[in-house]
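A short worksheet on the structure shown next.
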Amino acid sequence: MKELSVNNLLGIKYINENDINLVFETADHFKEVINRPIKKVPSLRDITIANIFFENSTRTKLSFELAQKRLSADVINFAASSSSVTKGETLVDTVNNILSMKVDMVVMRHASPGAAVFLSKNVKASIVNAGDGAHEHPTQALLDAYTIREKLGDVAGKKIVIVGDILHSRVALSNIYSLQKLGAEVRVCGPKTLIPKYIEALGVKVEPNLRKALEWCDVANMLRVQNERLDISYFPSTREYAMQYGLDKNLLDSLNKEIVIMHPGPINRGVEITSDVADSRQSVILNQVENGVAVRMAVIYLLASKIK
């Protein structure tokens, strides 16, 4: 059996193209499984997984839990807001206490960039990063690339533009890493204040004009503005942002070609994307959500096989 080159999924930065393709091949199998009348397999009956979320989540948390249960793993969910973390307990102490209950794998979301890497060096368990601050969100990048592969046949040679708040987005960085490793060309588009200074060092060009970006690309991944991470004003108003960087049906229909529309969610309808675009036939937003379960099943299964 093929194996991942890593024991944890800490970020796309730490895995290679073969790892990504192995996840995709495994996800293909699980996608077939979850479309059966009985959507469950007994693969991980002897594995216990803890979902530890220090930040709010809807899609990612539900997707991971569903993936784990469809693999027949035992699952425990930990909410930091109602735990001893509020009493001053450290991250390592919290996780080690959970691991002492014979937990094999930890899926963690944390507000601090690098939290998953730090944890992997200080506890004995397989760690899956479900998002660490504005750093990485590896499973989102994997499911995004998987969806592009499903829609367009391959990722290599495709042109993808990521539009919006690149500076505060963990999705953007993980997508850049994964798409480049798979042979795609990536550009970003957004207000200058929301483009990180290091972006061109990653081999990514900046296109400040949304129309030009859309005319260039095969796929547009629309990101919301991360208002919860904004400590100052990065643009004059939400209305002006929507006028400059929001994708509406008029703009989409005026292009001389058909492009694929993506969004990692949650959507701020009427800001970065209008409802008639988000719900159009060119949109694969719900496909991304569906594929997230199969991709996360693949990641968990492949990491668990290394524990065994």
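Glycine residues also receive a Cβ, built from the backbone N, Cα and C atoms like all the rest.
Here the structure is a predicted model, which means the values were calculated and not measured.
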Among ARG109, ARG187, ARG239, which residue does Swiss-Prot annotate as binding carbamoyl phosphate at the site that also has ARG59, THR60, HIS137, GLN140, GLY265, PRO266? ARG109
With the carbamoyl phosphate site defined by ARG59, THR60, ARG109, HIS137, GLN140, GLY265, PRO266, which remaining residues of that chain have Cβ atoms positioned within 8 Å of the Cβ centroid? SER57, THR58, ALA130, GLY131, VAL171, PRO264
Max pairwise CA distance, angstrom, over record-listed carbamoyl phosphate binders ARG59, THR60, ARG109, HIS137, GLN140, GLY265, PRO266: 16
Which binding-site residues sit within 10 Å of ARG170 (L-aspartate binding site) - Cα, from ARG59, HIS137, GLN140, PRO266: HIS137, GLN140
Tell me the coarse DSSP state (helix, strand, coil) of ARG109 (carbamoyl phosphate binding site). strand
